[in-house]
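*Asks:* So TrEMBL has the following annotated:
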COMPBIAS  1-10  compositional bias 'Acidic residues'
COMPBIAS  12-26  compositional bias 'Low complexity'
DOMAIN    47-317  domain 'Thioester reductase (TE)'
DOMAIN    394-486  domain 'Fatty acyl-CoA reductase C-terminal'
REGION    1-26  region 'Disordered'
TRANSMEM  385-410  transmembrane segment
TRANSMEM  507-527  transmembrane segment
Amino acid sequence: MTVSMYDDEPLPQTGGQPDQPTPMTTGKIDEQLTAIQQFYDKCNVFITGGTGFLGKTLIYKLLTSCPGIENIFLLVRSKRGKDIFSRVEEIFDDAMFDKMKQACPKYDHKIRAVAGDCMQPGLGISSSDREVLTENVNIVFHLAATVRFDEKMKTAMQINVKACRDVLDLCHDMKHLKSVIYVSTAYTQCPQSVVDERFYEPPLESEKMIHLTDCVTDGMIEKITPVLLDKWPNTYTFTKAIAEDVVRKNSRGMPVGMFRPGIVIATYQEPVPGWIDNFYGPTGVIAGAGTGVLRTLRADPTKVANMVPVDLCVNGIISSAWDIAERFRTEILPDPEIPIYNFCTEPNNCITWGDFTHTTIKFGSMYPTMKAIWYLCYASNPNIVLHYLSIIFLHYAPAVVCDIIAVLIGRKPRLLRSYKKIHRFMDVIEYFSMREWEFKMDNMNGLWRKLSSADQKLFFFDMRQINWDYFLEQYFCGIRRYLLNDPMETVPQAVVRWNRLYWVHQATKVVVLLLLYKLIMSVWGMMS
């Protein structure tokens, strides 16, 4: 049932533009709303994927920078014995919302939970909830997706493709629709070296792929998955490419746009620099290296690391929804080609995987963590032989020794199992860290130029202005604080411990070298 988180307020009717100044989150009255704020004023927003990393950041930004929004409808499913209302409350338990709660204490009256599940036909939405959405919603953000790169094909197709089709079907019935944004990924076209802001031929037509997954058994689809993937590295990029075909074919006559972000990582500015809530992608590399667990990463140090801060990504999504509505409203005959926005690292202001490695080591030494089990010593190894030798001698060998010691002293062996998970993650990221793409961003840069100076400040997303050194410093500190639960106050204590680990590390290297020397001399003596 679609209700407010805490009460049963009546739903407002959709309205037009504001006539009076609107209270801002600071409690002050602005003399004039910006163009984007006017667009969202008195609107109802529907979000899928609101419980995820990107979704939470979007909710935060809408509540704090678009105070005129009437309601935000969140599609939420029950999970692990928790109902939808408990799950929505958990969203706002995150530290990122602390500042918002102080500035906007009545935020909860705008949040409305909608029971649903992307794994179910028609999103699992009841007929009564569907009626509420079709009668009230003006703006739709479809963010929901399974981001597991090794997800089973049937599951990935249901969440990433069929749910996308269901969202668009729902949008077709919305009576006051102003804008729809489907969030894809820059890597849907990873077989291409140059990715333009346009549609490409899908790996397989969406209707045929949907029919195939409906008709074929789970076991059979898993057997043929490698053949289906062809040039795509995993089921995530493959199914998102199929979903783009769904968007192209099912969006006729609607104000729809598609947003393709790069690798989404921590916040640059809002709500606080460096906020992050997951270990995906480069975040796992930094956390693993900072704790002394990860010592090798197969990456080409000369290739660009296409990373984008989540808050800039969200600002781009919010702005593109406004742009879609403006295009649809002002064009005499709507362009049949749906606008696509590539949001990636700018060629004239980027970092390479080599820069990423060196900077991580630098800030790891400045802000060591108390959770470290070894000294930070990792490197990017493009050479596959050196990479696997490093895995054998720097990952598996120490893990075996530590686990044997753990068994002898009566503890549960964990390190070897942990490394198996780490290596699965490393295999996933390897495809992207060993390659480079040229992403065209004409629509994205054109959108930035369309914004007023006030909107550029409020919804900043210009990747050309990123200070990477500052950002990576905040990124490392954010991982330390939010993922490793190690407050910055422990840095002095961690530095002392870090110095001890350094000397243990050096002593271990000397012992290993002496043992190798002794082994070599013994073999030499036997051969002589």
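A Cβ is built for glycine as well, from the same backbone N, Cα and C atoms used for every other residue.
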*Asks:* How does the domain 'Fatty acyl-CoA reductase C-terminal' (394-486) divide up by DSSP, counting helix, then strand, then coil residues?
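*Replies:* Helix/strand/coil tally for the domain 'Fatty acyl-CoA reductase C-terminal' (394-486): 68 helix, 2 strand, 23 coil.
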*Asks:* For the transmembrane segment (507-527), give me same-chain residues lying six or more residues beyond its boundaries with a C-beta closer than 8 angstroms to one of its C-beta atoms, as numbers and ranges.
*Replies:* none
*Asks:* Return the average pLDDT for the domain 'Thioester reductase (TE)' (47-317) as a whole number.
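*Replies:* Mean per-residue confidence for the domain 'Thioester reductase (TE)' (47-317): 93 out of 100.
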